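A.B. asks: I have a structure I would like to understand better, so I am pasting it below and will then ask my questions one at a time.
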Amino acid sequence: MAETLAHRFTEFLLESNALKFGDFTLKSGRKSPYFINAGAFDDGKKIAALGAFYAEKISQAIVHNTIPRNIDTVFGPAYKGIPLAVSTAIALTAGHNMTVGYTFDRKEKKDHGDGGWMVGTPLTDGMKVLLVDDVMTAGTAVREVIPKLKAEANVEVVGLVLSVDRMEKTKDSDLSAVKAVEAEFGFPVLAIANVREIFDAAAKMKNADSAPLLSHDIQQRAAAYLEEYGA
């Protein structure tokens, strides 16, 4: 049986040292049994592979009519979204015969040279824009970037693709951040893998000594964590 996209992505996260199991305190103050470090994708090989995973997820979503094929540009919010937008656009062109642009925002508006808030493919009225980001915790980045996009042009945001869906309740709702953003903005939010898929995949893997990759303790803590915070 062919391995699923989520399984292959979990292997990639582990090989890249982007996924760690243990005891971590998140910005929210929650104690988590796992941590995803997007900063681990720090060379051309890793970021190219990451872009290919995003492109594969996007291609699947197009086949299932979740998002349209005629995407005009892939938008990544600065700063972490910049390499995601570029590598995804390259992978869609090279591997999926799609010609798409890439766009990202500046943290501060530039008033000389090419100027403005945006870099890359210029945004114009009617364009279909697909957002990419790494891991959503509260949806803050999306809520900050949508007004910037709309101020630039009357674009249509057709979806958001993440690397991982943590599937956690937000602080003020029983909805996950993903579901809350979908409800607020009306576009689909997809992830290459969700945390349950990642733990399911990792539970079947072995380490270099042929022992289970996940200890019984980590698996129990993961189950307890998702029981308490899962949405």
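We count from 1, first residue shown onward.
Each Cβ is built from the backbone N, Cα and C atoms, and glycine gets one as well.
Residues or ranges marked as 5-phospho-alpha-D-ribose 1-diphosphate binding site by Swiss-Prot: Lys27, 79-80, 106-107, Lys110, His112, 133-141. The orotate binding site annotation in Swiss-Prot covers Thr137, Arg166 and rests on sequence analysis.
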A.B. asks: Taking only same-chain residues 6+ apart in sequence, whose CB is under 8 Å from that of Lys107 (5-phospho-alpha-D-ribose 1-diphosphate binding site), what do you get?
C.D. replies: Ala78, Tyr79
A.B. asks: Drop a 10 Å sphere on every Cβ of the binding-site residues Met136, Ala138 and tell me which sphere holds the fewest other Cβ atoms.
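C.D. replies: The binding-site residues Met136, Ala138 were compared, and Ala138 has the fewest Cβ atoms within 10 Å.
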A.B. asks: Lys27, Lys80, Arg166: which of these binding-site residues has the highest Cβ count within 10 Å of its own Cβ?
C.D. replies: Arg166
A.B. asks: If you count the C-beta atoms lying within 10 Å of each candidate's C-beta, which of the binding-site residues Thr137, Thr140 ends up with the smallest number?
C.D. replies: Thr140
A.B. asks: What does DSSP assign Thr140 (5-phospho-alpha-D-ribose 1-diphosphate binding site), in three states?
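C.D. replies: In three-state terms, Thr140 (5-phospho-alpha-D-ribose 1-diphosphate binding site) counts as helix.
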A.B. asks: For Arg166 (orotate binding site), which of the listed binding-site residues (Lys27, Lys80, Met136, Thr140) have their CA atom within 10 A of its CA?
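C.D. replies: Within 10 Å Cα-Cα: Met136.
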A.B. asks: If you skip the near sequence neighbours and keep only those at least six away, which residues in the chain come within under 8 angstroms of Asp134 (5-phospho-alpha-D-ribose 1-diphosphate binding site), Cβ to Cβ?
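C.D. replies: For Asp134 (5-phospho-alpha-D-ribose 1-diphosphate binding site), the qualifying residues are Ile36, Ala38, Lys80, Gly81, Leu84, Leu162, Ser163, Val164.
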